[in-house]
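The structure appears below as structure tokens.
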Amino acid sequence: MSFDHTKYQPFPVIDKPDRRWPGQRIEKAPLWAAVDLRDGNQALIKPMSVAQKRTFFQMLVELGFKEIEVGFPSASQIDFDFCRVLIEEDLVPDDVHIQVLTQAREDLIARTFESLKGAKNAVVHIYNATSPTFREQVFNVDKDGCKAIAVRAAEWVRDYAAQQPETHWSFQYSPETFSATETDFAIEVIDAVNNVWRPDQGQRVIINLPATVEVSTPNVFADQVELVHENIQYRDDVIISVHTHDDRGCGVAAAEMAVMAGADRVEGTLLGNGERTGNMDLVTAGMNLYSQGIDPQIDFSRMKEIVALVEEITDIQTHPRHPYAGDLVFSAFSGSHQDAIRKCLSRYKEGDTWNVAYLPIDPADVGRRYEEVVRINSQSGKGGVAHVLERDFGIDLPRWLQQELAKVVQKDAEEDGGEITSESVHRRFNSDYLSVPMGWTLRSYDLNRSNDHVQAQISIGDNDQTVTLLSGRGDGAMSALVEALNRQIGSEVKVVSFDEYSLGDSTEANAMACVRVQVGETIQSAVATAADTTAAALQAILSAVGRVERGSEQLTVNS
Ligand SMILES: CC(=O)SCCNC(=O)CCNC(=O)[C@H](O)C(C)(C)COP(=O)(O)OP(=O)(O)OC[C@H]1O[C@@H](n2cnc3c(N)ncnc32)[C@H](O)[C@@H]1OP(=O)(O)O
Ligand SMILES: CC(C)C(=O)C(=O)O
Ligand SMILES: [Mg+2]
């Protein structure tokens, strides 16, 4: 049997009863480093060209990133050439650091420095894996041997940098596979590297703690980071960075908890492209801060551009449910969600604190339209149907009619099996409620009011049909019409529900009336618009009764 969990072992928990990170709050954005052009790039089926890197770099700068890992120049000619383009064409703003990665080998370090000649601000990033798996099986070294690789590389970096004093250098060290390394040993190696670089003497140093492969729950990673934060030498002069991957699906959570545990800086990629399951997603991490009222320091209002460019260059589609960025993340199809969203949105005013059910952020902030929020299919209810009619056609319906129309729309959706557009909902509303049955158009009415009643003369019919004259008496125009209809069709007509609305800016129709009538045993609703409320009410009654008479779709009394 190959599906055998017994060949795996659990990651040990960290014994740290004095852990402080669970009580911490993130109150400002960490320093961000975008590693799309290196870690993202090395995971692509087709790595980026110089031109693609340039376009991507430009966007990262425009979005506000101040540290951008641009490649592994000692490993690839494209990455080397890209560094030269950035420097020789002066494409790096003064406040932006370009960062490059290299293995802890002298030939590669030398080539790395060559690629950076003339840079204003650069981060040279060296790494060697420190976990037992790597020590024992990949490098075949003991702990001292592993530490020596890091220390020797730190010396080379220090010495090569000294030969290029025109650049403002930052040095970065990653104990690769940090999260799978005994934390006390990782601290020992970090201290040894820092003893070479001497951050206390002014050298800018970044200690980057990677979850190269995510091996445990994010709380364990946070414990590990807190241990480093509390125990390394020169802590006040060192920037602690984290670099998480998403093997267990918790790359963002691990980075967030690491910041709570003391990390100052977070590395990741836009939308999470990167080795295997990807790097920590900068979009999600940044927008998580934004949704808590914290300025992420990155302009994610350009979300559509970000998605389009990342998709084009990586040739990887964004999942429609991707947090904050996917096509469907601001859409609600289900009835109860739509109802709650509609109610909250109708109360929300510009300038209010955002407090809308089911929407963690205002979709408009990332360039999305409210039109996408409520979408109709067979899971939708009256709230959703009412919402699209109001939103797209300015039609406000009474609750009883919303319920009735929603049932009809749901039936359509079930038959169709997919999404029903707001235009289809509107068409259904027009055909089932607003359209006037043949022969039942109100042509004129004359109301004679005396003290206690109204006498109505009403003519109905279509242009090419005989006009019928109705004559009735009642308390008002509607009851006079009802009385006339009772006699005309020989069944008892009753108005069961009635609502009228004024229609603000329409030139022809100023009023809308919604009625539900009972004709004998049959219930029928109709809607009419007209220049005045009386005409709208009379037409709505005529349309409803006319539908019954013409035998169109009806609801029975008991439905
Ligand atoms: C977690 C990460 O993302 S790490 C970054 C990974 N990215 C990349 O590897 C992309 C670019 N890499 C490359 O193009 C190549 O690996 C190069 C050019 C860097 C090196 O190529 P090669 O010299 O052919 O070696 P190769 O890639 O096979 O590396 C294995 C050798 O490097 C050693 N090595 C691996 N990592 C390191 C390191 N960080 N520091 C020092 N030595 C290392 C290995 O022990 C092995 O040595 P051995 O040949 O004596 O057994
Ligand atoms: C080189 C390091 C930072 C890396 O990408 C990783 O460990 O995942
Ligand atoms: Mg990585």
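FYI, residue positions are counted from 1 along the chain as it appears here.
Glycine is no exception: its Cβ is also placed from the backbone N, Cα and C atoms.
Here is what TrEMBL records for this protein:
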- D39, H243, H245, N279: Mg(2+) binding site (BINDING)
- 30-304: domain 'Pyruvate carboxyltransferase' (DOMAIN)
- 436-559: region 'Regulatory domain' (REGION)
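Sequence features annotated in TrEMBL and their locations in the structure.
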residue	record	DSSP (3 states)
D39	Mg(2+) binding site	helix
H243	Mg(2+) binding site	strand
N279	Mg(2+) binding site	strand
Fewest other Cβ within 10 angstroms of its own Cβ, chosen from the binding-site residues H243, H245: H245
Cβ-centroid neighbourhood (8 Å) of the Mg(2+) site, D39, H243, H245, N279 excluded: V35, P210, T212, T244, G251, E267, G268, T269, G274, E275, G278, M280
Binding-site residues whose CB lies under 6 angstroms from ligand 2, from D39, H243, N279: D39, H243
Cβ packing number for N279 (Mg(2+) binding site), 10 Å threshold: 29
Proximal but sequence-remote residues of the same chain as D39 (Mg(2+) binding site) (Cβ under 8 Å, at least 6 apart): E69, H243, E267, T269, G274, E275, N279
DSSP-derived helix, strand and coil totals, residue by residue, for the region 'Regulatory domain' (436-559): 31 helix, 52 strand, 41 coil
